[in-house]
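Copied over from TrEMBL, here are the features:
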DOMAIN    76-325  domain 'G-protein coupled receptors family 1 profile'
TRANSMEM  61-84  transmembrane segment
TRANSMEM  96-117  transmembrane segment
TRANSMEM  137-155  transmembrane segment
TRANSMEM  175-193  transmembrane segment
TRANSMEM  232-251  transmembrane segment
TRANSMEM  272-295  transmembrane segment
TRANSMEM  307-327  transmembrane segment
Amino acid sequence: MTALELGLHFQTVVAAKGRMEAFQIPQLRQNYITHMESGNQTHASQFLLLGFSAKSEIQCLLFGLFLCIYLVAFTGNLLIILAICSDSQLHIPMYFFLSNLSFADICFTSTTVPKMLLNIQTQRKVITYAGCLSQTFFFFVFGCVDNLLLTVMAYDRFVAICHPLHYSVIMNPQFCGMLALGSWCISVMGSLLETLTLLKLSFCTNMEIPHFFCHLPEVLKLACSDTFINNLVVYFVTIVLGIFPLSGILFSYSQIFSSILRISSARGKYKAFSTCGSHLSVVSLFYGTGLGVYLSSAATSSSRTSLVASVMYTIVTPMLNPFIYSLRNKEVKGALSRLLGRVVTLSVRTIIGLS
């Protein structure tokens with residue numbers, strides 16, 4: 001190969017290399033720009049649950065307080081379930097629905113409180129994206145079940161007071177089972193609808209949720225993509241699974257109060273009202289605290305106010321329900337006494353046998 005040929009070959013190689021670099025540089029620049037754009041809008045891998053105060057002494061106090069509340073709520077609702085299952089006198093529709101309500105309350109508190117306690121204990125506030133979606137799903141499932149079961153229990157009291165002669169025919173075991181199963185299925189479908197719409201969202205670099213659990217409104221605030229569909233679904237589910245059941249409860253109690261007022265004797269009025277007093281107290285507590293959460297969120301931009309209201313709604317209310325039903329209901333109180341008596345007797349026999 002002559003010197004002229006070598007020179008031409010060298011120029012060809014240099015030109016080819018230049019064309020390759022000219023092609024690669026814009027491609028690398030585009031990749032960099034795409035990477036930088038995705039840095040501000042991405043699919044989250046985890047969130048930070050800011051929760052309550054960061055002070056260590058307050059954290060210890062909160063851990064002890066919420067642990068006690070959770071244990072009381074769990075134990076109280078479990079005792080209600082065991083008392084109803086073990087006592088044949090309580091095998092009637094009202095207590096069948098009450099046992100479902102107690103089970104839903106146990107699951108409702110277990111969805112948020114154990115994770116909160118773990119975060120306080122380990123000083124880690126991280127929750128994974130999958131964990132956040134799961135928590136949102138189950139929170140709505142058990143919250144909606146509570147709501148629908150309270151509506152079903154209001155209908156049960158309506159039939160018992162307004163149509164007592166047809167009560168056993170209307171509230172037969174098959175119909176009661178369908179009402180309970182329908183409440184669970186509708187709640188699962190409504191929760192799926194709200195949770196699945198979260199999958200399409202992209203989130204900004206700020207992943208801090210100013211709450212102790214994945215509260216859906218707070219999660220939606222972190223989204224960089226359009227949340228119109230999500231808000232539309234939230235309003236739709238709220239109307240179908242919130243407003244309609246509440247309307248059913250109000251209608252049932254309007255008919256109940258109308259029937260009670262037509263009773264001539266004061267003793268008859270008291271007896272009729274006492275059968276629905278516990279349920280009315282639970283309904284007032286449930287909807288009162290739930291309404292407080294959303295009113296506080298709408299009235300102020302402070303997440304602290306919403307946080308305190310959510311504690312009442314998600315933790316305190318399930319803890320108080322067993323006390324309301326056991327203190328105001330002689331049948332439940334008697335069943336609990338008999339259950340605890342059998343437990344004590346069995347424990348004593350076991351200890352004597354071991355000794």
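Placement of Cβ uses the backbone N, Cα and C atoms for every residue, glycine included.
Same-chain residues lying 6 or more positions outside the transmembrane segment (307-327) and placing a CB less than 8 Å from one of its CB atoms are 52, 66, 69-70, 72-73, 76-77, 79-80, 98, 101-102, 105-106, 108-109, 112-113, 139, 210-213, 215, 278, 281-282, 285-286, 289-290, 292-293, 296-297, 333, 336. Confidence over the domain 'G-protein coupled receptors family 1 profile' (76-325), given as mean pLDDT on the 0 to 100 scale, stands at 89.
Counting same-chain residues at least six beyond the ends of the transmembrane segment (232-251), those with a Cβ under 8 angstroms from any Cβ of the stretch are 140, 144, 147-148, 150-151, 154-155, 186-187, 190, 193-194, 197, 216, 283, 287. Beyond the ends of the transmembrane segment (137-155), by six or more residues, the same chain brings 94, 97-98, 100-101, 104-105, 107-108, 111-112, 179-180, 182-184, 186-188, 190-192, 194-195, 213-214, 216, 237, 241-242, 245-246, 248-249, 252-253, 279, 282-283, 286, 314 to within a C-beta distance below 8 angstroms of the stretch.
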